[in-house]
């Protein structure tokens, strides 16, 4: 071999195996980039679990690792939802925890003992690397161009819409679910294309994994039947479809029923009915197919109509009967809110109170997807051009996903994969068209023109013909390509910027800047949680609004009344009632629930917007939903309809436990009459609220967390109001002494 | 065992006889529950007992001139403690006051009788004391968990007072001819102390000079005589108590690094808060009342050359720490997440790295010598006490022939042994030397721990060879699996 090294270099990338190697290397680099771009928060802060739900998942994972799988499966958690408890093992999706547990034990077996926290923190970035690979595979099924797959992998790797749920530390179900979603779709396309039972079974397997991991599996459960249905409607029923669908449905449903939380839902609830319906429909079609082959066509026509009508009528009747009899549950509340965005606001305030269940604002699409959002329709259009079975899938997914992303912010996540795939098809088509260096030879053009002429003559429709259009001008090519390159670069910049600024805050730790530019960390949450953990009784019950339930369970390790698993609306309303009522009403509620400490979040000193006074109206609304005659939202607004906390606040507001706990002692920080709520920019009344049934137990450095201890019953049997008044040095009201009448000598 | 039992029985008979003959006029109580009393072979000719309550533990110094009054030479001197004191006793060191070259004497706890409340510390004199001869012993020891706050709960801004109870006469196993007890306080504010009738030209004990109280001199007292006194003094500093310190030292020859990690379970044993924590008062107090009995900050002077320190607790990194490192010092200043008041608890972890050449040396014979401080706790003006200390030195995998020596008083060391610690990519596990000690105080920080061990070359090469070997095995296995024909229809060409 005496080849010139330059020649070798030039010939590299030509051979099939070199290309394969290059593709693998590029894919690996993309996966690495996907992981690296999610590490902002670890580098900026520390390896910490973020936000709210991940704290529960983390706690559950620790339980799993410490107690083994079977104990985890049967876990009854008496440290949440006091005094009800929660059958945690049966009411969670175990996929995430089990995945971390398996990784943990596998690494142990390889004698690499990694802390379970680090595994949990880094699971989401690691899965995003896999998602990029899965997207590559899925896109490769759509188009012969290999560049589309790589582009899709790249887009998926850094699209903020996905990063928002998968930064390091965001240890939530979505972390692995999106990988499973994309990979299940890939396997489905593979199964459908080949009509293979093997791929169908694999698809079912990953579908089962998905069910074990995320409630969003219903998206697959609805999308695959829809795809099948559209294909049937297009007259594309085939044995391939029959084999792949029935394999997936039968095995997948069985797999999904193994999860205790899902159980018999797949055959009982309306969300799962489309999948069952299409399954039955496919059997009918297969039967008809068979009958048609065995019958003369005229008889078949009558048979078909009778049969179809009869089956439809029967099944509809059966469905209505089953639903009214309660065998099949009607649609759940969250599902209704998918059809009618104002449904939740009216009927289920608890769902509406979560910000991620709000409808998506238009700028969010651009924020989360940047240029992909305008490339997306192009990609879908290109799919229409080919419209094989797999392209129908993309089209159906695009329509379905766009609708849901528009309805609920968090469902942007399910839209992102199809946007990436479609946009990658669009970009790769553009690049393939404009980057072709070879000029077509004149005879080819002539041949093409000739064939065009022939075709044109045949069909007579210009649009159906496929003229060979090429761009030959160098400047045109370079303009287009460089514009695209600029767009791609801007996309990368945008993604990095969004990830760094919007999605990388742990929200447990707040960062601020000191005047000299150095980072100052506001760590009030952990200060207070650590205080609770170390200096209260092991079984001290903490009452707080449900947002903080998981964090208290995870960081402070104390029992809570309500938490982010909002399964019991009445219990949450009880806490809402205790918070929004006056002390006389709240105290018996707290005593009945054995509350030892009450925790509130107060942002007035720091100007922190996520505090309880800002969430207070939701507590009022939820409480009002259960006790409309005791709590009324209107009474928290001034006559002019303002929500105020200053001197003009309504009586209900001023007397509410939440208001008192937030502002208790706060005015002592300021010179008289200057107490200022920096969050709401209002001057507080000169005399602060008084508390008689609670004692201030702890306030964090920046006053974000305030913890109150519930007083025990008074030693002398007085009610707390008079006892507190006595302690403050007030004389007893004269009325009381008058009632007693003149003093009399006791005679025994 | 047998001989000692016989011995103790004999001795108890003797003691009964001596108790019967002792002066019944004395108002002092001698412990009657004890079935063992050391043989009355010594006499304390002169004794000075110095009780120091300056820090949040008690340091006691006994300087005693002992005289052999027996007919035979004696080499065992006994010092009695109650069972409760014994459990809190640590850091006992005995030396000859006159002859510093004699080194430290062996002092060990001897429990002759399980049922007795009085237990003895046996001091072995290196040279038996001839009849009639005298020797000056300097005995020093520490008592932990010694104080009770009075009042037991105070307000956040009030001053903290502690009480300490002890005996004005040193409870000795022998007759003491002459003795006095000095008590040293952190400040001159001593609102209450027990007053005793004086003797000689002194009207009333104790004498107060500045921050010092002196009881005595007293005349001859029989063995076991006690005179309980209680002092109450101002101590507006945290009473820091570490119930468990786990200190891990990991030596890496490949990395040339020694990693330290210390896990503290820290308590504040001072006065509790009578009304719960008030942030407003706390924030105001930081301006005009800087001293408080709450623990606000700790300073860890680390060895020069320490780097990458971390400070975490069970929920993660604690951001309130500062590390100053230069050629002269490496000072780690940490603040707990919240001020620690009496009765509160704050467990935390700190750790740092250091270059191995600061601690590790190769000997001529091919072995290694590791010289690390046994204890490197915080250096606080009010002192820190450690109830349990567990030092674990993780040596490289395959290290053998481990021997250690430490200058920590042997009485405080409860256990020392070698175990196996498995961690990153280990096959047989690393050799870990675990030393458990109890009742130490921060006076012993920087006492050294010297470990010698052998580390053969093959042991050093084990890890890279095994990692390489398993990687090769994986590739071979992958290749073998890839060559298998799994399909039913083998492709025909």
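Even glycines carry a Cβ here, placed using N, Cα and C.
According to TrEMBL, the features are:
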type: TRANSMEM; residues: A:21-43; note: transmembrane segment
type: DOMAIN; residues: A:22-422; note: domain 'Oligosaccharyl transferase STT3 N-terminal'
type: TRANSMEM; residues: A:91-107; note: transmembrane segment
type: TRANSMEM; residues: A:119-139; note: transmembrane segment
type: TRANSMEM; residues: A:145-163; note: transmembrane segment
type: TRANSMEM; residues: A:175-191; note: transmembrane segment
type: TRANSMEM; residues: A:211-234; note: transmembrane segment
type: TRANSMEM; residues: A:246-267; note: transmembrane segment
type: TRANSMEM; residues: A:273-291; note: transmembrane segment
type: TRANSMEM; residues: A:303-329; note: transmembrane segment
type: TRANSMEM; residues: A:364-384; note: transmembrane segment
type: TRANSMEM; residues: A:391-409; note: transmembrane segment
type: TRANSMEM; residues: A:468-493; note: transmembrane segment
type: DOMAIN; residues: A:541-591; note: domain 'STT3/PglB/AglB core'
type: REGION; residues: A:724-748; note: region 'Disordered'
type: COMPBIAS; residues: A:729-748; note: compositional bias 'Basic residues'
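Two recorded stretches are said to be in contact when at least 3 C-beta pairs lie under 8 angstroms, sequence spacing 6 or more; the transmembrane segment (A:175-191) and the transmembrane segment (A:119-139) meet this definition.
Remote same-chain residues near the transmembrane segment (A:391-409) are listed as 142, 185, 188-189, 192, 219, 222-223, 226-227, 230-231, 234, 236, 337-338, 341, 355-360, 364-365, 376, 379-380, 383-384, 415, 418-419, 421-422 (criterion: CB distance under 8 Å, separation of at least six residues from the stretch ends). Taken together, the residues of the domain 'STT3/PglB/AglB core' (A:541-591) have an average pLDDT of 90.
The transmembrane segment (A:211-234) makes no contact with the transmembrane segment (A:468-493): fewer than 3 of their CB pairs lie within 8 A, with pairs spaced 6 or more apart in sequence. Counting Cβ pairs under 8 Å to the transmembrane segment (A:246-267), the stretch among A:21-43, A:91-107, A:145-163, A:364-384, A:468-493 with the most such contacts is A:91-107.
The helix, strand and coil residue counts that DSSP assigns across the domain 'STT3/PglB/AglB core' (A:541-591) are 32 helix, 4 strand, 15 coil.
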